[in-house]
Amino acid sequence: MSNAPQTPHTIANTWIDNARLVAAVAVVVLHISASPVVFAPIGSNSWWAGNTYDSATRWCVPVFVMLSGYLLLPTAVTSDTLGFLKKRASRLLIPLLFWGLFYQAWQLWQATPQVRTALWAALPEQWLRGAPHFHLWFLFMLTGLSLVTPWLARLMAHLSIAQQRHLAWTLLALGALHNAAFALLEHATAPQFFTLFLPYLGYYVWAATPRCASVTAQSSRTKAVQIGLLLLSILATMLGLYVLSQMSGLAKGLYFYEYVSITVLPMSLLVFVLLQSWTRPILGRWTPQAARLSFGVYLIHPLLIEVLSPYLQSLQTLGTWLFIPLVSSAVLLSSFAVAGLLHSVPWLRRTL
């Protein structure tokens, strides 16, 4: 690898690739750690292990959203609206339709005859809710953000930096309030696929808001403060889930895991800022190629969790604190391998 100084363009690409990779890792860890949080007794050692890993990775989806805003909003100002939307539709709708139908077929194939009948009846509702499979809501959400991007970009171009920041913080606050109302109020109406993007507009806009100083030039002291605040936000998420679950049950306690909760919101912003100062490629010269597969890893990993789980259950004897990272590593490596294989087939590449 060359020892030549990195250009600003190279530095920008490097931190973005790093961010994609660590967010993909975090998504896998989050989904592996969810099981002990839901099924282990609250307050048990296994439950705390799951809660710790899960809380520490809750920033993953907001970081993906912020990366999209950071990359798309500035360029959409000068793009042809129809051309932009066609490009985004190709990027999102093909994977959404392919993997949505694939996972539903997988569920039907795995189900018993009685369950299969109920699944067939529920298929239209799953699409209406934006969840043909539990993780595919993310693609519906990104599609909604893409639809408003051309107009949002033009609006931001006519605002001052101060006004852009005000807009971003207002949208973040509204998203947090909306999220809290849905998570904590009784009989809240579940969102449909066409409204899933609304709570995430704040993240999307905030990431595209210009900064007064280069993030990569921050002092070590500033970074230390940011890391300290990040750790506090993770701890607050862990304890918030525990306390509210003890008071009102796990269903209410899971509010603290929401991606726009009062603890995950600052956690996500801090991670995004810290990632921008990570300018050395995490995997050396393989970083760009691996980062290119991160979207595929997101799409594929739930399948591999199901496929590999029966073969990895023996690792539970090591305890949940070790079980989660070991299984996450196996799923992650397998997901990258399968994504790489699919990416090498021209007619399957567009599904990733």
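Backbone N, Cα and C atoms are what each Cβ position is placed from, and that goes for glycine too.
Curation plays no part in TrEMBL annotations; they are all automatic predictions.
Predicted, not measured: the structure shown is a model, and the values here were computed from it.
Some features that TrEMBL has for this protein:
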- 13-338: domain 'Acyltransferase 3' (DOMAIN)
- 21-43: transmembrane segment (TRANSMEM)
- 63-85: transmembrane segment (TRANSMEM)
- 92-109: transmembrane segment (TRANSMEM)
- 134-155: transmembrane segment (TRANSMEM)
- 167-184: transmembrane segment (TRANSMEM)
- 190-206: transmembrane segment (TRANSMEM)
- 227-244: transmembrane segment (TRANSMEM)
- 256-275: transmembrane segment (TRANSMEM)
- 318-342: transmembrane segment (TRANSMEM)
Exercise for review: Would you kindly check 92-109, 134-155, 227-244, 256-275 and say which stretch has the most C-beta pairs under 8 angstroms to the transmembrane segment (167-184)?
Suggested key: 256-275
Review point. Per the 3+ Cβ pairs under 8 Å rule, pairs at least 6 apart in sequence, do the transmembrane segment (21-43) and the transmembrane segment (92-109) touch?
Key: no
Check your understanding: In the same chain, who gets a Cβ under 8 Å from the transmembrane segment (92-109) while lying at least 6 residues past its ends?
Key -> 116, 119-120, 123, 126-127, 132-133, 136, 139-140, 142-143, 146, 295, 299, 302-303, 350-352
Check your understanding: Against which stretches of its own chain does the transmembrane segment (63-85) lie, if we need a Cβ under 8 Å and a gap of at least six residues from its ends?
Key -> 16, 19-20, 23, 26, 138, 141-142, 145-147, 149-150, 152-154, 156-157, 200, 203-208, 268, 271-272, 275, 298
Review point. Which whole-number mean pLDDT does the model give the domain 'Acyltransferase 3' (13-338)?
Key: 91
